[in-house]
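Record features, source TrEMBL:
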- A:7-29: transmembrane segment (TRANSMEM)
- A:41-60: transmembrane segment (TRANSMEM)
- A:72-96: transmembrane segment (TRANSMEM)
- A:113-166: domain 'NarG-like' (DOMAIN)
- A:116-134: transmembrane segment (TRANSMEM)
- A:146-163: transmembrane segment (TRANSMEM)
- A:175-194: transmembrane segment (TRANSMEM)
Amino acid sequence: MHELYKLASGIFVWIAILGFAAGMIGRLAHLAVTARKKDPVVYQYFSFYYALRSILHWIIPFASTGMRAHPVITVVAFVFHASLIVTPLFAAAHVILVMESWNVSWWHLPDPAADVMTVLVILGCLFFLIRRIVQENVRYLSTPGDFVLIALVAAPFVTGFWTYHQFYGYETAGILHMLSGELMLLCLPFTRLFHMALWPFTRGYAGSEFGALRRSRDW
Amino acid sequence: MNPKSQKEETNNKNGIYDAGIEKGASRLTPEKIRKVFDALVEAEGGARLKAYTNACVHCGLCSDACHHFLSKDRDPRLSPAGKVKQTVSRILNKKAKLDVDFVKQACETVFTECNLCRRCVIYCPFGIDVAYLMLFVRRGCHQLGVVPQYIQDTAHSHASTFNQMWVRDDEWIDTLQWQEEEARDEIPDLRIPIDKKGSDIFYSLIGPEPKFRAQLIYQMAVIFHMAGADWTVPSAPGWDNSDMCMFTGDMEMTARLKKIHFEAAMDLKAKRIVMGECGHAFRSVYDVGNRTLGWKMPPLPMVHAIEFYAEILREKRIEIPKKFDRPVAFHDPCNIVRGRGLGDEARYVINETCSTFIELTPNREHNFCCGAGGGVINCGPPFKNKRVESNRVKADQLAAARDKGAEVLIAPCHNCHGGLEDIIHHYELGLELKFLGDIIYECMKKE
């Protein structure tokens, strides 16, 4: 157990961070090169102004027609994604760990806020899981990988919540929390979670074509 | 072939027999199919294909954007992402078995269950262009020689005659002269100038106009004449701006078509191209053909008829003594409204020429497709019933406008006319369908 803790808090952290960074940069660079070779129109038509115009309409809740048509998923998706990104970066325990390790620190969330946001992520995962099962058109699109992905995202938050509240077996949960967090970080560039990095480009390109070339709107 | 044996041979999911699909598929083996698709992915499957297929999180938010999905009782297979799952995803999965049945079904899906209208792009949070993905599969189908028969026939016509309708060169000139003669009964000094060098306007139109709707050439000639326009049409191939090849995936032929179209205009040293009321041709000339030829933009300025109408109304080059007095509704064609933002210009023309205008809901960029575009109507009679049933949502939208009093539906696109006519008849909506040119011609001062 102790050995595993040492690994999870040591070498695995580095593997996860380096894998995440290398994966992100590598995959985006590969796409950029492929676009240059096979899709030169992407560069020709890309317009920062119109890309940003489109991205803004899709990053502000209810700024697009599609979001207004689906208010429930809009609220859930925004709360879920905001909590998912903010909680691990600003949870007090994480900030303290980083400070102890490398002597750098930043602002952190009050504990109750991080706690609530963790629950929101878990509820979000449950919502997406149920939606995948219940809603026919989403069920049709779902692959086993989509369910694994939900579990992958939920795991660090469930175990984090467990550890923080020191429920039964929280020491094991703590190790699982580290391992699952590292696994998720490592998976970000190599699974559908990569949409995190891709969407500004796909949305931005749609915005460019719709705005600069087609003089119309894409929201 | 008698109907019984046709049925036995039919393996399509809807029991539809299409000779182009069946005969083409009968020549294939799983090995050949895999080889062709793998080569296509390798050669042409660029960053967009990868980014779109990797970014999609299967959220299903594109579903409600698609009129096929909405009209067919929310059949999940008809959601945009559902169509990608059945086609592109399997092609990209190297382990998936691509047999003859797969190709037949994929062909029917990409050719007849997606109008490439791009409405889903504006409902996908990530802006994934499903039309691009469907066209990618169509390109593969073209390379395999599996394309619905009727649309392939028009592609052959393009290849043989450089127009969509097998119109012979002498028939084209004959039609122009015939229309000029007819028009001179009404306006004695009217001309249809052929091959006039250095004109302001090179007028191009789609093959079905001389073939089936010659009166539209007459009307446009009258509009040009009354507006005092300096215009011309070419006698040689290049007069047809339409392009079914971009819809069958035959991009080589698309390049030839657009090259001859642009060259015809440039040979005549025209200052700009004005095109008739068509949507797919606009997409081909403005958005697809130029790219295929390696030009970011068309090599000379080009405008859709709507822009020309708006221009001559704004400049008061034609007079509208009395507005069209029946209530009109307006269908925003995807290729010129989502494809060029001409919604405002069209509404300007309508407000200048019509007394009562009733909006459809949804409208502009969010308008529902006519169900005909993207080459779907060109797949011909075998798929007609399916096409009309797949657009029930359009009928509901039109019925709502009719209930508000609309009597006439204006659609400035030939494809839309084809699709909407079928919808209006099938669902007994009782609307009359018109082009914007019809309205202008009817209301303008012609002395």
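Each Cβ is built from the backbone N, Cα and C atoms, and glycine gets one as well.
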When counting Cβ pairs under 8 Å to the transmembrane segment (A:175-194), the leader among A:7-29, A:41-60, A:72-96, A:116-134, A:146-163: A:7-29
Mean of pLDDT values spanning the domain 'NarG-like' (A:113-166): 97
For the domain 'NarG-like' (A:113-166), the number of residues DSSP places in helix, strand and coil: 49 helix, 0 strand, 5 coil
